[in-house]
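These notes are about the structure you will find just below.
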Amino acid sequence: MIPQIGAARLLTRLNELASLTDPARPYTRRAFTPLYERGRVWLRAEMERAGLSVTLDAGGNLSGRREGSTPGAATLMIGSHTDTVVGGGRFDGILGVLAALEVAHCLHDAGHELSHALEVVDFLSEEPSDYGASCVGSRALAGTLTPELLAQTNAHGETLETAMRRAGARPEVLRGPLREAGSIAAYLELHIEQGPVLETAGVPIGVVSGIVGIERWELTFSGRPDHAGTTPMALRQDALVGAAGCVSLLRQLALEADQQAPLVATVGQLRVSPGNSNVIPGEVVLIFEARALNAQRLSDFVAGFLEQAETLANGADVRLSAKLVSRAAPLVCDAQIQTAVKAACADLELPCLTLPSGAGHDAMQVGRLAPAGMLFVPSVGGRSHTPDELTHEADVLAGARVLLGAVLKLDEAVARSL
């Protein structure tokens, strides 16, 4: 029996998991919250329905495994994440996990045995968490979740390590990669594009060539809080003036750099203290990130910005301190995986387009440990990280069918190479 994607089952699951959201802030399902855990209880049950053996590893990753016919063969891994940003969408991450689950389920229904074991993985906390770190579970898998990241705290002083324990992980045993070298034959992740390229081109499938590197930094501007009415302008040490200048500087430098090769930079968080309308800001904390496909170029950009930012802050009579929050190196996607995705598209007579990913994904962490690749489906209007995020049903199903086809081709290709 030839495996076939169950369209109704996949679409029903997408709606069921998306419904587990904070009703006041759709679609919100933050990692380490009771709502997120409810989603994982639901997902575990669905994995078991699909005939998978379910485990939670030391990094907090929920995995459903289906054994293959070749004892000792490396694993084919597919998946993504089920956590969201605040006020996120119904497809980001979720599609990759549930399409992977559907691939496993239809193989189970058809009685189709792969040569390799197949694992469907929901990685813990892919989105930037309240503890500053992103891709927490995939970092743990790859051995890149450092003690410094585990020690980072949320606004209530709880460490990431403590939060992971609440989620059932065992961070105290994270001393290196959770899998041995060579134990994962390939990792393939289906994801929405989160940009406008595929929709604009009228192409249903994107074959990802590489994933940008990302650096996130926390900048603290320290001035002096004084009365807003009685302190002359020339005598002020206004932390917000220094911060505002640096926000403008970051934009200007990124615009200039982007003219040479793709690079973006963003200030997404800013906290002003004491936060009263009649008090000059005494402290401002902001978090900025920069993204580029070339690691050295990204590093040089950040270093240049920080140097100019310090000069600008000094000119505003405020002090600046900088702390690295997280760093993820760029990833070149595996050529064999790209070939498998393209071949699956050809079999289904679906056009595809090769493009890089400007967003970070779990694949960039897994790629430190094993061959990794991705495929994209279109995002309507390029919208993502918003309740307006939408991918048409036809594209959802096309992506799932290509994922299935690519898994079958990788199973054959890797088996031939043994």
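Positions of Cβ are set from backbone N, Cα and C atoms, glycine also.
Automatic, uncurated: that is what TrEMBL annotation is.
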Of HIS361, HIS385, residue recorded by TrEMBL at the Zn(2+) 2 site of ASP92, GLU127: HIS385
ASN278, ARG291 bind allantoate per TrEMBL; candidate in ARG179, ARG216, ARG368, ARG383 listed for that same site: ARG216
Site co-member for Zn(2+) 1 according to TrEMBL, given HIS81, ASP92, out of HIS116, HIS156, HIS191: HIS191
Cβ-based neighbourhood (8 Å from the centroid) of the Zn(2+) 2 site, residues ASP92, GLU127, HIS385 excluded: THR84, VAL85, GLY88, GLY89, GLY93, GLN194, SER384
Around the Cβ of HIS81 (Zn(2+) 1 binding site), the count of other Cβ atoms that are within 10 Å: 28
ASP92 (Zn(2+) 1 binding site): tally of other CB atoms within 10 A of its CB: 27
Among HIS191, ARG216, ARG291, HIS385, the one of these binding-site residues whose Cβ has the fewest neighbouring Cβ atoms within 10 Å: HIS385
Secondary structure at ASP92 (Zn(2+) 1 binding site), reduced by DSSP to three states: coil
Closest of GLU127, ARG216, ASN278, HIS385 to ASP92 (Zn(2+) 1 binding site), Cα positions, binding-site residues only: HIS385
Proximal residue to HIS191 (Zn(2+) 1 binding site) among binding-site residues ARG216, ASN278, HIS385 (C-alpha distance): HIS385
